[in-house]
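According to TrEMBL, the feature transmembrane segment maps to 91-114, 134-152, 157-176, 182-205, 217-239, 245-266, 319-343, 355-373. What TrEMBL lists as domain 'Major facilitator superfamily (MFS) profile' is 91-482.
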Amino acid sequence: MASLLRLSPTAPLLPFPRSSPVPRPSLPLHFRIPKPHPTKHIPCRLRYYPLPSPIRSYSKPVSGSFEPDAGGEEIQSPSLLEFVTSERVKVVAMLGLALALCNADRVVMSVAIVPLSKAHGWSQSFSGIVQSSFLWGYLVSPVIGGALVDYYGGKRVMAYGVALWSMATFLTPWAAESSLSALLAMRALLGIAEGVALPSMNNMILRWFPQTERAGAVGLAMAGFQLGCAIGLLLSPILMSQAGVYGPFVIFGLFGFLWVLVWISVASSTPQKHTQISQYELEYITKGQKLTTQQSNGPEKRSKAIPPFNKLLSKWPTWALISANAMHSWGYFVILSWMPIYFNTIYGVNLREAAWFSALPWAMMAVLGYVAGAGSDMMIKNEVSVTTTRKVMQSIGFLGPGLALIGLNSAKNPAIASAWLTIAVSLKSFGHSGFLVNFQEIAPQYAGVLHGMSNTAGTLAAILGTVELVSLPREWVLFVDF
């Protein structure tokens with residue numbers, strides 16, 4: 001507690017002479033005892049008036065433009081302009097573009113499967129096998145890819161992944177004209193390469209964003225993921241009408257190669273290694289992160305080459321995330337793979353109209369996903385616990401789509417069906433602020449491999465959904481989705 005020394009009102013204030021000695025070190029510097037007048041001694045009495053300490057202590061986060069870090073120091077939050085022009089936003093924008101390409105390359109086959117099936121005489125069951133062949137590769141790679149991400153970092157693994165899946169997309173026309181086995185193998189290669197995308201995204205956001213911005217960053221990246229669905233579904237029929245059925249595969253593949261060149265030149269695996277980042281942003285990210293020393297220091301101290309699977313699988317939170325991802329992927333991949341065929345076969349709309357009806361839900365999912373992420377970050381800043389925030393978001397992400405799909409069974413025309421599907425898919429995005437960001441919080445050192453393990457379970461559910469639902473009656477195809 002600081003104190004202020006004053007003279008009694010009865011005694012005049014005397015100036016402190018320039019030639020007077022420095023106060024004794026044992027007293028604070030603001031205790032200046034005036035030297036008596038050389039010719040006349042004026043008695044004075046000392047009075048101490050308590051003042052509050054100039055150092056503010058915080059027991060909880062303060063709302064406003066300043067947030068204290070773990071050491072008690074205040075960190076000034078960036079303005080909107082500083083945030084938009086920051087290096088971390090550029091990183092998440094590149095991640096969003098990569099995920100947009102990831103989904104666009106994936107959904108091209110959902111549109112192309114209709115003319116390809118007619119041209120080659122494929123049955124609906126075999127069409128499901130062609131689409132699910134992507135998931136065969138996607139089943140294998142997430143765990144391995146997650147371990148590679150934790151060991152080498154997200155930048156390098158994401159670059160190799162985008163290059164590989166762009167090559168698979170580019171070569172799909174050649175494979176389709178060669179043989180069915182070559183087509184299935186190329187689709188499986190696409191799945192293997194895309195299996196590293198989400199673990200790489202999680203790893204980059206973990207290293208580049210403070211905890212209070214991570215859900216919003218995931219929302220931005222996943223907005224690109226969902227916009228990739230809309231872009232692929234909308235552009236594919238147009239490109240097919242101008243460049244043939246294989247046109248979208250070639251164009252999207254070339255865009256992927258271009259993205260890799262830009263990513264290699266502008267991105268870094270950690271903010272500490274970025275050459276253009278400001279000192280203020282670096283300190284803001286570092287002080288806002290609650291990471292282990294290993295993650296804060298970057299890839300110089302890497303995770304173990306073989307993750308501790310037994311220890312991870314012995315924890316209940318791991319199984320909670322695995323089950324959540326499995327249920328999420330079941331609904332996601334069923335809708336993604338069968339929505340154009342659903343509108344084409346049930347309501348008799350042509351391919352281009354079916355693409356428009358199918359694209360609207362994914363565009364709304366992109367918008368609402370960011371809203372959910374920003375709302376999640378706001379809840380944490382307003383002292384709602386991280387656990388409660390994730391549970392609330394995940395509950396909305398499961399219950400909302402389930403109720404909407406019950407209403408879908410009453411749809412009598414494609415417009416009403418698209419409205420119900422838009423509600424279901426957009427509310428599904430709340431799960432991205434639930435289980436998807438929770439990987440970074442329960443096991444930050446092994447977030448990549450944990451994400452990969454849950455993705456494998458989700459892929460198994462997706463394979464069952466895309467292959468087995470073909471034989472179900474019309475009333476059950478999307479009802480059992482959730």
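The backbone N, Cα and C atoms fix where each Cβ goes, glycine too.
Using the rule of three or more Cβ pairs under 8 Å, pairs at least 6 apart in sequence, the transmembrane segment (245-266) is in contact with the transmembrane segment (157-176).
For the transmembrane segment (217-239), the most Cβ-contacting stretch among 134-152, 157-176, 319-343, 355-373 is 355-373 (pairs under 8 Å). Nonlocal intrachain contacts for the transmembrane segment (91-114), taken as residues 6+ away from its ends with a CB within less than 8 angstroms of a stretch CB, comprise 127, 130-131, 134, 158, 162, 165-166, 168-169, 172, 187, 190, 194, 197-198, 200-201, 204-205, 208-209, 217, 220-229, 231-233, 235-237, 240, 245-246, 248-249, 252-253, 255-256, 259, 262-263, 266-267, 336-341, 344, 351, 355.
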